[in-house]
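Asks: Okay, here's the structure, questions in a sec.
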Amino acid sequence: MESIEQQLTELRTTLRHHEYLYHVMDAPEIPDAEYDRLMRELRELETKHPELITPDSPTQRVGAAPLAAFSQIRHEVPMLSLDNVFDEESFLAFNKRVQDRLKNNEKVTWCCELKLDGLAVSILYENGVLVSAATRGDGTTGEDITSNVRTIRAIPLKLHGENIPARLEVRGEVFLPQAGFEKINEDARRTGGKVFANPRNAAAGSLRQLDPRITAKRPLTFFCYGVGVLEGGELPDTHLGRLLQFKKWGLPVSDRVTLCESAEEVLAFYHKVEEDRPTLGFDIDGVVIKVNSLEQQEQLGFVARAPRWAVAFKFPAQEQMTFVRDVEFQVGRTGAITPVARLEPVHVAGVLVSNATLHNADEIERLGLRIGDKVVIRRAGDVIPQVVNVVLSERPEDTREVVFPTHCPVCGSDVERVEGEAVARCTGGLICGAQRKESLKHFVSRRAMDVDGMGDKIIDQLVEKEYVHTPADLFKLTAGKLTGLERMGPKSAQNVVNALEKAKETTFARFLYALGIREVGEATAAGLAAYFGTLEALEAASIEELQKVPDVGIVVASHVHNFFAEESNRNVISELLAEGVHWPAPIVINAEEIDSPFAGKTVVLTGSLSQMSRDDAKARLVELGAKVAGSVSKKTDLVIAGEAAGSKLAKAQELGIEVIDEAEMLRLLGS
């Protein structure tokens, strides 16, 4: 029994060490798959020896039966809110008030942090062990969410290091990264579950589950930003020093925390964070600025329910209210009909927004939207503005029902919605001017046939003047005909003709992608090209044969098969080949003949790579005999996870698929 106890202790210590490296230092030493293996080993041992399970074991993150309701926890030190400023002038006025209140013109340095858009929580550690956690609530009393907080892998169940206080209450923010938010909503749409309006609502909903097992399935994370109770120990006398100490004890702290020596440096920090905001991978709504010296904080004190030594400098709001003037319906290249709300223009996150997507008929029904309604609009990063909810309490009397069209608003063809699909489609195909335009724009795009200089406005004119009906017609254009277009001189026209001639030499994968087959993206097109090698073999493939290709299931296989079964599509392909479109003959190499760790494996790339582009990595992997797929499935052998890997990584972990990082990929590529 002694050796089992030792084994359990070693496993728990190892897992805590790797949790610290992953969540706090952002420098994992092992792939997630290895972490999962260690966790499984610990779980199996504890199952065999339940008497040896300890409350701080990493396996105990998912415990506790569902609660009937949350009990209350009274905060020993109130959780105060912060005053807000919204512009430079207001911040500079705050800075002056701080300077004026301090004695002897003391120099002030500022500790600046991200203002995370999540849920504030307090977590109490006694002798380094997590004993309770609570929401902010009203600042005096919060809800007991201990069981749920224990499921969050970023939060240590036990602190490590030296001089840990007997009682330490840390404050911080639980939040949901963007990739996790998208996966939760994607799963909800597929299963008919609740769709969240934004990551903050999703984080709050996940943390306030009565069943901790549900919380455990949500990819919540946490950053620490302050302290409440402190007994039986000491902390540094600066705010930054305290955060760095928390990090040493295993608590995650944002790596964007910055010490600023002046108000000018604070403003520079604010603008840099605002610029970086779309690429952070999680929502923030401003920066928090705190006097760094604890002695100066004490001198400044508090007013009402907020400290005088800190302020939240908010970004322009990402959500605003406005009215829906009308709902129009756009037709995409595959015939998908998308409702778009035409709005009373409103500034959201610094941008004037007059349109917002409504996705599909189900979304309109879910929102209960009527024309004339007052709505909340959200715009986050580069995401297309969307309607979050209807303000039903302020619904005008003259609102009108949104009627989804039964005929295409462009060509008049029937609209159909296949059972099981959320999207309604125009059945007109290429007789529909809208589908024709969007199909041609896709065909000439950079990642398809890459026709330089042929922009959307040129395509619009070519279709409207009926110069072009199919992609093959593009290669019949002359400089003379193009010169007749608006803002197209002889030189520009000749440049487009030259670009079309150059585009005739392509690759089989690009050609397939350019055809615009439903559900066939770049990765799937590359997989089809690599597997079949020739157009003739692909055209003759059955649905069963198509499903042998990595990343191709029954739905994609059916779309590909139906595309090539359609005579008009085969005719367009024949015309394109007759116009001189061509690609190099395939070089067939059996995976068995390649001495490579990737040979014969189906590989998925996720996240961003720092040492090479995604395209270069794909090309190198294919050279070494790999089949690169675009999504994770049971057919996947290996996932390569770069920075900010999202739902694909989560799916790989769920399926138990091997995961390696970029460094390991580079090592194997060089071996």
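Positions of Cβ are set from backbone N, Cα and C atoms, glycine also.
Dumping what Swiss-Prot says about this protein:
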ACT_SITE  Lys115  active site, N6-AMP-lysine intermediate
BINDING   Asp32, Ala33, Glu34, Tyr35, Asp36, Ser81, Leu82, Glu113, Arg136, Glu173, Lys290, Lys314  NAD(+) binding site
BINDING   Cys408, Cys411, Cys426, Cys432  Zn(2+) binding site
DOMAIN    593-671  domain 'BRCT'
Asks: Out of the recorded positions Leu82, Lys115, Arg136, Lys290, give me the one sitting nearest to Cys408 (Zn(2+) binding site) by CA distance.
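Replies: Minimum Cα distance from Cys408 (Zn(2+) binding site) across Leu82, Lys115, Arg136, Lys290 lands on Lys115.
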Asks: Quick check: in three-state DSSP terms, what is Lys115 (active site, N6-AMP-lysine intermediate)?
Replies: strand
Asks: Count the residues of the domain 'BRCT' (593-671) that DSSP assigns to helix (H, G, I), to strand (E, B) and to coil, and report the three numbers in that order.
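Replies: The breakdown for the domain 'BRCT' (593-671) reads 29 helix, 18 strand, 32 coil.
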Asks: Please name which of the recorded positions listed here, Lys115, Cys411, Cys426, Cys432, is nearest in space to Lys290 (NAD(+) binding site), Cα against Cα.
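Replies: Of all the candidates listed, Lys115 is nearest in space.
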Asks: Counting across all protein chains shown, how many other Cβ atoms sit within 10 Å of the Cβ of Leu82 (NAD(+) binding site)?
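Replies: Within a 10 Å radius of the Cβ of Leu82 (NAD(+) binding site) lie 18 other Cβ atoms.
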Asks: Which of Cys408, Cys411, Cys426, Cys432 (the binding-site residues) has the most other Cβ atoms within 10 Å?
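Replies: Selected residue: Cys426.
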Asks: Tell me the Cα distance separating Lys115 (active site, N6-AMP-lysine intermediate) from Cys411 (Zn(2+) binding site), rounded to the nearest angstrom.
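Replies: Cα-Cα, rounded: 49 Å.
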Asks: From the binding-site residues Leu82, Arg136, Cys426, Cys432, pick the residue whose C-alpha lies nearest to the C-alpha of Lys115 (active site, N6-AMP-lysine intermediate).
Replies: Leu82
Asks: Could you please provide the mean pLDDT value for the domain 'BRCT' (593-671)?
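Replies: Summarising the domain 'BRCT' (593-671) by its mean pLDDT gives 81.
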Asks: Same chain, not part of Cys408, Cys411, Cys426, Cys432: whose C-beta falls within 8 angstroms of the C-beta centre of the Zn(2+) site? Give them in sequence order.
Replies: Val331, Gly335, Pro409, Val410, Gly412, Ser413, Thr427, Gly428, Ile431, Gly433, Ala434, Gln435
Asks: Between Arg136 (NAD(+) binding site) and Cys432 (Zn(2+) binding site), find the distance joining the two CA atoms and give it rounded to the nearest Å.
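Replies: Distance between the two Cα atoms comes out at 56 Å.
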Asks: Let's check the environment of Lys290 (NAD(+) binding site): how many other CB atoms sit within 10 Å of its CB?
Replies: 19
Asks: Quick one: pull the CA-CA distance for Leu82 (NAD(+) binding site) versus Cys432 (Zn(2+) binding site), whole Å only.
Replies: 56
Asks: Near the Cβ of Arg136 (NAD(+) binding site), how many other Cβ atoms are there if near means within 10 Å?
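Replies: Around Arg136 (NAD(+) binding site), other Cβ atoms within 10 Å: 19.
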